[in-house]
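Trainee: Right, I'll just put the structure down here and ask away after.
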Amino acid sequence: MESSKKMDSPGALQTNPPLKLHTDRSAGTPVFVPEQGGYKEKFVKTVEDKYKCEKCHLVLCSPKQTECGHRFCESCMAALLSSSSPKCTACQESIVKDKVFKDNCCKREILALQIYCRNESRGCAEQLMLGHLLVHLKNDCHFEELPCVRPDCKEKVLRKDLRDHVEKACKYREATCSHCKSQVPMIALQKHEDTDCPCVVVSCPHKCSVQTLLRSELSAHLSECVNAPSTCSFKRYGCVFQGTNQQIKAHEASSAVQHVNLLKEWSNSLEKKVSLLQNESVEKNKSIQSLHNQICSFEIEIERQKEMLRNNESKILHLQRVIDSQAEKLKELDKEIRPFRQNWEEADSMKSSVESLQNRVTELESVDKSAGQVARNTGLLESQLSRHDQMLSVHDIRLADMDLRFQVLETASYNGVLIWKIRDYKRRKQEAVMGKTLSLYSQPFYTGYFGYKMCARVYLNGDGMGKGTHLSLFFVIMRGEYDALLPWPFKQKVTLMLMDQGSSRRHLGDAFKPDPNSSSFKKPTGEMNIASGCPVFVAQTVLENGTYIKDDTIFIKVIVDTSDLPDP
């Protein structure tokens, strides 16, 4: 960028920026405002630095002053404030938007600076205040380019030349036709005389005896000109004769036999076309009949689809009733759990009583041995403590059983999809390595409320071929309440998946179709069948070095395809 002093020198050539009209409210005078940055006008005297923007280094336009005392153009300040942490380009102080204000005093001083007219290069020698530039260009400058006042003319001329252009040089000025005396734009005068003027003298194009006539009379003359070419009235039937009106009459009188033959040929051709149309009509009728048959077939299919829709609606209603029934069961379970909660509270109370009794026993044991009655009381208290301990044990067992049942109900799914969350991966993996707990079973899941009962089984340290190197994942069919109503062997497609907990979601998965001859997919005779799946599902190095483990937790997903599964 050139320095501001070079740009402000009186002899420097400058390119003025695009301008928009803006009203100075403080002075009531219209002034020019650049679209961006400060003024690039040619000033008569070198402009002081205090009148220049600290960002664009041009003469300030609508100056704004910051808290640190530096000035910026309004558009430059807006650009600075659009950043996340605006700073003054002069002193690097932070700029606070609410503490930036308009510097109207500086603005008035700048608008009073003397400049050369923008049209100096065209010959204008005017020197004026910057604030008067717009009025000068709009009303007074003889060297300002203005558009021609005629709407169709696109030329621009200097204000001093505008009158001569409009009256003498504009191609769209009015001109008078020398033949018809009508007013025509100068640019269209020649075309008017050559093709349109009705008063221009023309000759007959057929070289008849009439040599001169007006263009307005030509149309009527051509309709009766003896030399005008014409065609035989039997042209549509194949006659190609052409000539003057007199020749046409003589031809028609002498060629009657030829014309009759042409009529015969035309009639024969017409009969052939009628025959073809009849054949086409027969084919069309066949097509129409075929389309009618298709429509009937479609109507039958639509009725069948409607019946299927009604059946599906009844199934949906049945499922809704089942869901309502399950909701009622959950409510009943909640009611059953409430007494156990009360028992738990009673157990807490009993524990407090036991602690109190133990304290009393301790006190009694420290009393003099001669107190025989105390010994008997101690025995009685010990028996009471024993009964309380038994009751607490029973309550603990019943609460644990209810908690297990409730957890199974909470985590069970009935859409053929299992998402199994395995916490404490490192501890469980170490237990598998040490041989304490080789495998883990997931909670059961189902293909429907009355469908197959299934679960997943995982070996964190691998099994068989994958032992010590891989995670082994298997699918297990369990004995369900509704197995008697389901088709066997189990045939649904199974997808096993290890879920990626990172943002890329690059899950690892494998899918298989059950082998109908395998005992793993027969109807269970025990609690569950033999597991079937992938001994080398994923290498432990891949599992433990990726984003498959977060917060010492992994997620395993099993999907059973239920799309073709019939209702029981």
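Backbone N, Cα and C atoms are what each Cβ position is placed from, and that goes for glycine too.
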Trainee: Report which of C68, C124, C232 appears in Swiss-Prot with the annotation ubiquitin cross-link.
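Mentor: When Swiss-Prot is consulted, ubiquitin cross-link appears for C124.
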Trainee: Write down the residue from C56, C73, C455 that Swiss-Prot flags as ubiquitin cross-link.
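Mentor: Looking at Swiss-Prot, the ubiquitin cross-link feature maps to C56.
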Trainee: Can you tell which of K154, K168, K272 Swiss-Prot marks as ubiquitin cross-link?
Mentor: K168
Trainee: Zinc finger per Swiss-Prot: which of the ranges 191-249, 486-544 is that?
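Mentor: Going through 191-249, 486-544 one by one, Swiss-Prot gives zinc finger for 191-249.
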Trainee: Which residue, chosen from S9, S85, is annotated phosphoserine in Swiss-Prot?
Mentor: S9
Trainee: Pull out the recorded sites from the set C56, C124, K329 whose C-alpha sits within 10 Å of the C-alpha of K168 (ubiquitin cross-link).
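Mentor: Among C56, C124, K329, not one has a Cα sitting within 10 Å of that of K168 (ubiquitin cross-link).
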Trainee: When the domain 'MATH' (415-560) is classified with DSSP, how many of its residues are helical, how many are strand and how many are coil?
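Mentor: The domain 'MATH' (415-560) comes out at 24 helix, 54 strand, 68 coil.
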Trainee: Provide, as an integer number of angstrom, the distance between the C-alpha atoms of C56 (ubiquitin cross-link) and C124 (ubiquitin cross-link).
Mentor: 29
Trainee: On the DSSP side of things, how many residues of the zinc finger (68-77) fall into helix, strand and coil, could you say?
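Mentor: Looking at the zinc finger (68-77) with DSSP, the answer is 4 helix, 2 strand, 4 coil.
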Trainee: The zinc finger (135-190): mean pLDDT?
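Mentor: Mean per-residue confidence for the zinc finger (135-190): 87 out of 100.
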Trainee: By DSSP assignment, list the helix, strand and coil residue numbers for the zinc finger (191-249), in that order.
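Mentor: Across the zinc finger (191-249), the residues distribute as 22 helix, 8 strand, 29 coil.
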